[in-house]
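Heads up: the structure comes next, in structure tokens.
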Amino acid sequence: MTSLHQVLYFIFFASVSSECVTKVFKDISFQGGDLSTVFTPSATYCRLVCTHHPRCLLFTFMAESSSDDPTKWFACILKDSVTEILPMVNMTGAISGYSFKQCPQQLSTCSKDVYVNLDMKGMNYNSSVVKNARECQERCTDDAHCQFFTYATGYFPSVDHRKMCLLKYTRTGTPTTITKLNGVVSGFSLKSCGLSNLACIRDIFPNTVLADLNIDSVVAPDAFVCRRICTHHPTCLFFTFFSQAWPKESQRHLCLLKTSESGLPSTRITKSHALSGFSLQHCRHSVPVFCHPSFYNDTDFLGEELDIVDVKGQETCQKTCTNNARCQFFTYYPSHRLCNERNRRGRCYLKLSSNGSPTRILHGRGGISGYSLRLCKMDNVCTTKINPRVVGGAASVHGEWPWQVTLHISQGHLCGGSIIGNQWILTAAHCFSGIETPKKLRVYGGIVNQSEINEGTAFFRVQEMIIHDQYTTAESGYDIALLKLESAMNYTDFQRPICLPSKGDRNAVHTECWVTGWGYTALRGEVQSTLQKAKVPLVSNEECQTRYRRHKITNKMICAGYKEGGKDTCKGDSGGPLSCKYNGVWHLVGITSWGEGCGQKERPGVYTNVAKYVDWILEKTQTV
């Protein structure tokens, strides 16, 4: 007979199953709905695996001593349910909970924890003697194939194996089993933390097929989505994508995930309509989120249909998919009926598949397709979210713009800047006119009021200034510079990086952009003590050029401001960010560079177009 305790739990979950449930339930097991079983060292890691699994909504983790059979310890059972709920039963040692797919908080794939006296089993393919577990984890992070490791400490029973570091991998990226073993420490690679020193190759190579081992294949609308899938696949190191124009129809939109023993492609074959590239899992500072935000016009995604709803516009269709815990992708058909345009609704088809990708992609049927944005909120270190000097600006509050820093020289505010990595600040080159050495510079993070800064305020010293070698004046372009800090900063709610723009989102339409800084609020005003903010619209380069006929507005610049004036950056805001929110993630779209006056009518502010310098930024931050 079902206990009252179980019935109450069932009613509770029935009311919140489509919402965020963060609580875990000890000595409770979900019954049925099994998708697969993996092994994880903790319930927290089990939830992480569930969250990033394409279909997992619930999980049950079998803790140590949960069974008389030790081979069942540390089992992580991934589950799904059409109703998003499952019945629960009492089970000693079981820990159950929900995926974080529907939760607003950030959940990183990064796991820095190490597990004492646990041996995570896998394919042992490399062994070496190292000083400690930290060095072993670093070796794993800097090895292309390594997913996790086990280190034998100085207390390991076998003297011959002490200080031994074993690098491991499996097909799934999780251990095949986990056992208790005294004197060892196990943990995971920190590649997903953005801490690998391996080469990061961001180029996508057209007309190229990589002829190496295919470990998996999925259907994708373009090479950028294919690359993101490869990046978050446990064993993919590089890929080949066949475009819509590929001659063999059955292979169009096919994304081939690949690996090799050496970690690099062995053979490149030139073929039209194929594109190839590399996983970005190795990229230091900025492993991309598993998120596909774009819309694909005249494109139908095929898959298992979950629901059909009438909505107004593809954005609403995408939001409906995102709010449905099981929806992975969608196709929206606009209405062509003769009716009031303002009330016209189209049909939104919510869909899913076993691997989270369409089973097939078709064109020419009038659909607009895209993906759920539910994983766009996952934390890749820089996916900072906030709630919403600036001439016409308003005062900011602590934690609202955590990437904004103030650069000081001679105990006074010089310029603004943006945190893009734990040792890197991006700012404007013109800020350093006449400054020969970085030794006098101070960088303050987490500051809202300049009056807060005194001799006891913590700051970062600058190790190196890197100014673009083509910079001459702000008006001529290339107004961009990097500061490398002497020591790495710790990220907090008040001091975090902002994401760089993605090449894959180069056609993104930014409708929510803000400028921030401590500059003058009028041309002859006073420097502001409190960080100012103002929302500004972007202005096309063509229109901006008509406002500045004496200057050349290039594609390496971007303009923003109101036609009537009133809100703009001003002297003292230089180097600060033009931050734009796109699909819930803030991106550094511009760097405050130059303009005429402050908030003058028909004189928009001119900013360095960061998207045009991403390759330069990555080159400098990864080689210095």
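Note that Cβ sites are derived from N, Cα and C of the backbone, with glycine treated the same way.
Classification of Cys103 (disulfide bond) by DSSP places it in coil, neither helical nor stranded. Taken from Swiss-Prot, the feature disulfide bond covers Cys20-Cys103 (among others), and the record attributes it to sequence analysis.
The domain 'Apple 1' annotation in Swiss-Prot covers 20-103 and rests on sequence analysis. Taken together, the residues of the domain 'Apple 1' (20-103) have an average pLDDT of 94.
For Cys46 (disulfide bond), the count of additional Cβ atoms within 10 Å of its Cβ stands at 29 [all protein chains shown]. Under the heading disulfide bond, Swiss-Prot lists Cys46-Cys76 (among others).
The number of other CB atoms found within 10 A of the CB of Cys110 (disulfide bond), across every protein chain shown, is 18. Taken from Swiss-Prot, the feature disulfide bond covers Cys110-Cys193 (among others).
The disulfide bond annotation in Swiss-Prot covers Cys136-Cys165 (among others). In the three-state DSSP classification, Cys165 (disulfide bond) falls within a strand. Long-range neighbours of Cys165 (disulfide bond) (same chain, six or more residues apart, CB within less than 8 Å of its CB): Ser127, Ser128, Val129, Val130, Glu135, Cys136, Arg139, Phe149, Thr150, Tyr151.
The disulfide bond annotation in Swiss-Prot covers Cys140-Cys146 (among others). DSSP classifies Cys146 (disulfide bond) as coil under the three-state reduction. In the structure as shown, the Cβ atom of Cys146 (disulfide bond) sits within 10 Å of 22 other Cβ atoms.
Taken from Swiss-Prot, the feature domain 'Apple 3' covers 200-283, and the record attributes it to sequence analysis.
Long-range neighbours of Cys226 (disulfide bond) (same chain, six or more residues apart, CB within less than 8 Å of its CB): Val218, Ala220, Phe239, Phe241, Cys255, Leu275, Gly277. Classification of Cys226 (disulfide bond) by DSSP places it within a helix. Positions annotated as disulfide bond by Swiss-Prot: Cys226-Cys255 (among others).
Summarising the annotation, Swiss-Prot assigns disulfide bond to Cys230-Cys236 (among others) and lists similarity to another entry as the type of evidence. Secondary structure at Cys236 (disulfide bond), as computed by DSSP, is coil. The Cβ neighbour count for Cys236 (disulfide bond), using a 10 Å radius over every protein chain in view, is 23.
Look at Cys376 (disulfide bond): DSSP puts it in coil. The disulfide bond annotation in Swiss-Prot covers Cys291-Cys376 (among others), and the record cites similarity to another entry as its basis.
In the three-state DSSP classification, Cys348 (disulfide bond) falls within a strand. Over all protein chains present, the Cβ of Cys348 (disulfide bond) has 25 other Cβ atoms lying within 10 Å. Annotation comment: Swiss-Prot describes Cys317-Cys348 (among others) as disulfide bond.
Around the Cβ of Cys321 (disulfide bond), 28 further Cβ atoms fall within 10 Å across all displayed protein chains. The disulfide bond annotation in Swiss-Prot covers Cys321-Cys327 (among others).
Per Swiss-Prot, disulfide bond is recorded for Cys415-Cys431 (among others), and the stated evidence type is similarity to another entry. Taking a C-beta cut-off of under 8 angstroms and a sequence separation of 6 or more, Cys431 (disulfide bond) has the following same-chain neighbours: Leu407, Leu414, Cys415, Ala481, Ser574, Gly575.
Positions annotated as disulfide bond by Swiss-Prot, on the basis of similarity to another entry: Cys544-Cys559 (among others). DSSP assigns Cys559 (disulfide bond) to a strand in the three-state reduction.
Here the Cβ of Tyr548 (heparin binding site) has 19 other Cβ atoms within 10 Å, regardless of which shown protein chain they belong to. Mapped onto three states, the DSSP output places Tyr548 (heparin binding site) in coil. According to Swiss-Prot, the feature heparin binding site maps to Arg547, Tyr548, Arg549, Arg550.
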Rounded distance in angstrom between the Cα atoms of Cys376 (disulfide bond) and Arg547 (heparin binding site): 37
Spatial neighbours, same chain, of Cys230 (disulfide bond) - Cβ under 8 Å, 6+ residues apart: Cys236, Leu237, Phe238, Phe239, Cys255, Leu257, Gly277, Phe278, Ser279
Cys20 (disulfide bond) to Cys76 (disulfide bond) - Cα separation in whole Å: 20
Cα-nearest neighbour of Arg549 (heparin binding site) within the listed disulfide-bonded residues, Cys103, Cys110, Cys193: Cys193
Alpha-carbon spacing, Cys544 (disulfide bond) to Cys193 (disulfide bond), which is rounded to whole Å: 40
Separation of alpha carbons, Arg547 (heparin binding site) and Cys76 (disulfide bond) (Å): 61
Inter-residue C-alpha distance, Cys46 (disulfide bond) and Arg547 (heparin binding site) (nearest angstrom): 56
